[in-house]
Every structure is written in C-alpha cells, then in structure tokens.
Amino acid sequence: MRKFIAALRLALAAAAHLLLTLPPAQCYWLNPEIYDAGGLSRRAFPEGFVFGTAASAYQVEGMAKQGGRGPSIWDAFIEKPGTIPNNATADVTVDEYHRYKEDVNIMKNMGFDAYRFSISWSRIFPNGTGMVNQEGVDYYNRLIDYMVKKGIKPYANLYHYDLPLALHEQYLGWLSPNIVEAFADYADFCFQTFGDRVKDWFTFNEPRCVAALGYDNGFHAPGRCSGCDAGGNSTTEPYLAAHHLILSHAAAVKRYREKYQLYQKGRIGILLDFVWYEPFSDSNADRAAAQRARDFHLGWFLDPIIHGRYPYSMLEIVKDRMPTFSDEESRMVKDSIDYVGINHYTSFYMKDPGPWNLTPTSYQDDWHVGFAYERNGVPIGAQANSYWLYIVPWGINKAVTYVKETYGNPTMILSENGMDQPGNVSITQGVHDTVRIRYYRNYITELKKAIDDGAKVIGYFAWSLLDNFEWRLGYTSRFGIVYVDYKTLKRYPKDSAFWFKNMLSSKKRN
C-alpha cells in the first residue's frame, strides 16, 4: 500500500507539473465552475434575447497615430507624465484594428450573438468636421462586413469618450453649442455609410461620465475642473457639457429618424451608466439622499429623454447654474430613444450627510449625499480590483426595476456588466477567473428575475471581450473574459469565456 501511495503521489506531482507547463487553453477542464450555469440558459430568456460583448474604439483598436486617424482629447490628456500608470498609452493597446477577425471568431466560438463596438469620430473625421479619412471608413467597413459574415450582429456606438482634439482646441468641445451640429453631421455620415448593415445604434456611451469626470473632477479627458491645470469651473461646466451632450444626442436621433430609419429599418438609443444607490437606512433623510443620487446620476440624462426636462430635484438644487431647454429643444429631446442601454457594475449605500453647504463647489457636492460601502460592519459586497467596484448582484435587479417603474418600462439593453482583475496577474492565474464566473452567474440571475417581473430587457452585453486599456488605470485592470498578453498580444480565453459558451449552448435549465 505504501508503494502504491508513493507512486500515486509521484504521478500526481508529475501531472501537476505537466499542467503548469501546458498553455492555459489546454487546462480549462480543471474548473468545474465552467459547467455550472446556475439554471441559466438561452431558453430561460425571452425569444430573440441577445447576448454579446462590448468594447470601445480607444480601448481596443490601437493604430492611434496611424491609418489617418486624428488625435482625440484622450491622446492629449495622457501625454502628461504620471497620468496613466507606467505612462502607458493606447497607441497599440490590443490591436483590434489588425486582429478584428480573430476577435470576431472568438465571439462566434463562444456563442455570442452581437458585438457592441464604438466608432472613433477622429478616425472618420480627423479634425472633427470636413475631410473624411477613407482609411478609417474602410476599416469599419471591414469590421462590420466580417461581423455580418460570421453572424455577429453589429451594435454601433458613435461616441465613447474620444472627442476629436481639434474640436476641443477650436471651441472647447462639449462646452460650446457648436458641437451639436458637428456631432449630428458625423452621426449622419455614419448612418449613411454603415446603416445598410448596422441596425442598432447608440449615440453616446455614459455621457454622465463625459460631463462629470471630464469637467467636474478632471479625472478624465479633457481634465477640466475648478483648480485643474487645464482650467474649468466645477459648478457650471459639467451641466453645460451635459446639456450639449443631450442636445447632440437628440439632433443625431432626429437626423436618423427623418432620413434613414424608415428604409434602413434600424433603431437608435443611448448608453447610460447607473450605479444602484441603496438607502443606508429607512430614515426619510437617507431615502431622500438615495433618490437625489439617482436623479443626479441617471435622471440627469434619462429625465430629459423621457420627459423633456431635467429632474425637479436638480432644478431645485442647481438653480440658475442649470441650462434650460427651449420649447423646440424640449420637443426634440423628449422621446428621442427607441431603447436605452443601461451599464451597471456595482451598488453603494447612500446616507444623508447633514447640513447643506450653501456655497456651491461642484456637481458632486450638489448631490449632497454620503457614500457608504458597509453597514453594521458588513460590506455591501466583496471588492473587485477597482476601488469602486463592489460585487452586489441584487443591485442589478433593483436598477433595472427602477428604470421600469420610474420611466414607463422603456425597452432596455443591459449594455455593460463585468468586473476586473489586477493587471499584473499571470496568464495561468488570469485565465482561471472563478470570481468572474460567479459574478456573471449571479448578476445575470438577478437580471432574469427583473425580466420575469416584467422589465423589457432585450439583451445583455458583457464588458468586455478582451483585457484592454482601462482609461486612467491603463493596463493595471483586466475586465476581459479573454486574457491578453500585452507583450505578444496573444489572446487566451478565460474560464469565464467558456462559462458563457456552456451557458449559451445549454438547451434547457440545468
């Protein structure tokens, strides 16, 4: 028996050594979590429900200084040393510009239906307006054509943080009313050029982040705020930028509906980020704080789009610092979506912070809330790599249900959802992402509950297919379900990718 045990130990040690030397792609069978769909399957969702992945041009394309692309505000923003960890850039990132076929093939192999990508404005119009860059047009035609060939439905987003630098230098971009016509012209060109194949459009991704992170705290390009080196005014500029973003969205939708929608037979919407804000307690003050947070976060954009006006709470607090819509603008903005994308990752507790600051200092200060991440010593959820990302599955149910009940149950797509690992994990560590599998399984289960209760959600997009350039975090954060070796750019599907493959190929509930 002792000889048998010794031989068994030796065999197990040899097997373990072999597995450690194998490419990660050969080791997926080791993780039983891949095969636990938790009762989820395609048939568990309404007929026609779409599963896809999402990404943005700046984060995945590369070729930032090639192919005729003009610089964006992000190219200028990250030039300052220390802005991005290790002074990283998106000049190459994961090079989807050249590797798009490989990436689309991965999507197809994993069973996904669609890819939500973004078009780089400055790759089409290097100066924001005027001369078209045909190389850029050709690239997007190749990408779209290959998706269609492989049966991957293209969901095109027109703007994901990357304003052409020329427009910022000319008139400060989103702070000028001139931007509205410029964006509408760019959108018009895209509808005309790609709309014969693209039937699902979004105007903006997370315009709240554009306004708040770009003009309130300067954390994102163009880095403006009160006290920022780039200048700015945190009490007014976020609201002005948001106002022009909303008008630009509505102007683009107007062009689409008047000129293209009837014969192209597509639909158009907007992508809004939404953290769920849970009252810290049942007190009226904490409940009011949570509602203010929802108004200042989601309502800032969805109230005008649904009702043609800003939330009453914002009008009361911001007062004359809040821009106003003319009657004509209000009519143009109201009902300017066929569907709405909700990007959801996490949830926070909200509590009343006490006396109001009577002197406005910033958009964030106008919320007048206190953030909390634990209650009675219990964290709201486990923390992912990003400091802001707590894993709170029930929050997605509450967020979607809130949109259903507050805004008349519009047609929704859960357009981003995911979690990150540290950027420095090895390939072997990175591909075995059990925590991410559990994140997706639990969040999608909660989403399904909201759908079963009547929420009109017609699709779900995981963020993201690939590890990529994660804005201010650079390459220190990995959101992908496919690991990318940034030295070789080789792709390694993670366990979570194979979990999706198993779940999406399931014919019935487990």
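A Cβ is built for glycine as well, from the same backbone N, Cα and C atoms used for every other residue.
Positions annotated as N-linked glycosylation site by Swiss-Prot: ASN87 (among others). Under a cutoff of 8 A between CB atoms, and with a sequence separation of 6+ in the same chain, the neighbours of ASN87 (N-linked glycosylation site) are PRO81. DSSP gives ASN87 (N-linked glycosylation site) a helix state.
Note: ASN127 (N-linked glycosylation site) has non-local neighbours GLY70, PRO164, ALA166, LEU167, i.e. same-chain residues 6+ apart with C-beta under 8 A of its own C-beta. What Swiss-Prot lists as N-linked glycosylation site is ASN127 (among others).
Residues annotated as active site, proton donor in Swiss-Prot: GLU206. The number of other Cβ atoms within 10 Å of the Cβ belonging to GLU206 (active site, proton donor), over all protein chains shown, comes to 23.
According to its DSSP assignment, CYS228 (disulfide bond) is coil. The annotation disulfide bond is assigned in Swiss-Prot to CYS225-CYS228 on the grounds of similarity to another entry.
Summarising the annotation, Swiss-Prot assigns N-linked glycosylation site to ASN233 (among others) and lists sequence analysis as the type of evidence. Annotation note: ASN233 (N-linked glycosylation site) sits in a coil segment as assigned by DSSP. Sequence-distant contacts of ASN233 (N-linked glycosylation site), defined as residues of its own chain at least six apart whose C-beta falls under 8 angstroms from its C-beta, comprise SER226.
DSSP assigns GLU416 (active site, nucleophile) to a strand. Remark: GLU416 (active site, nucleophile) has ALA54, LEU271, ASP273, GLY341, ASN343, HIS344, TYR345, PHE461, TRP463 as non-local neighbours, by Cβ distance under 8 Å and separation of at least 6 in sequence. As annotated by Swiss-Prot, active site, nucleophile applies to GLU416.
According to Swiss-Prot, the N-linked glycosylation site annotation covers ASN424 (among others), on the basis of sequence analysis. Under DSSP, ASN424 (N-linked glycosylation site) is assigned to coil, being neither helix nor strand in the three-state scheme. For ASN424 (N-linked glycosylation site), the same-chain residues that are 6 or more apart in sequence and have a Cβ closer than 8 Å to its Cβ are THR476.
Taking a C-beta cut-off of under 8 angstroms and a sequence separation of 6 or more, CYS228 (disulfide bond) has the following same-chain neighbours: GLY218. The Cβ neighbour count for CYS225 (disulfide bond), using a 10 Å radius and every protein chain shown, is 23.
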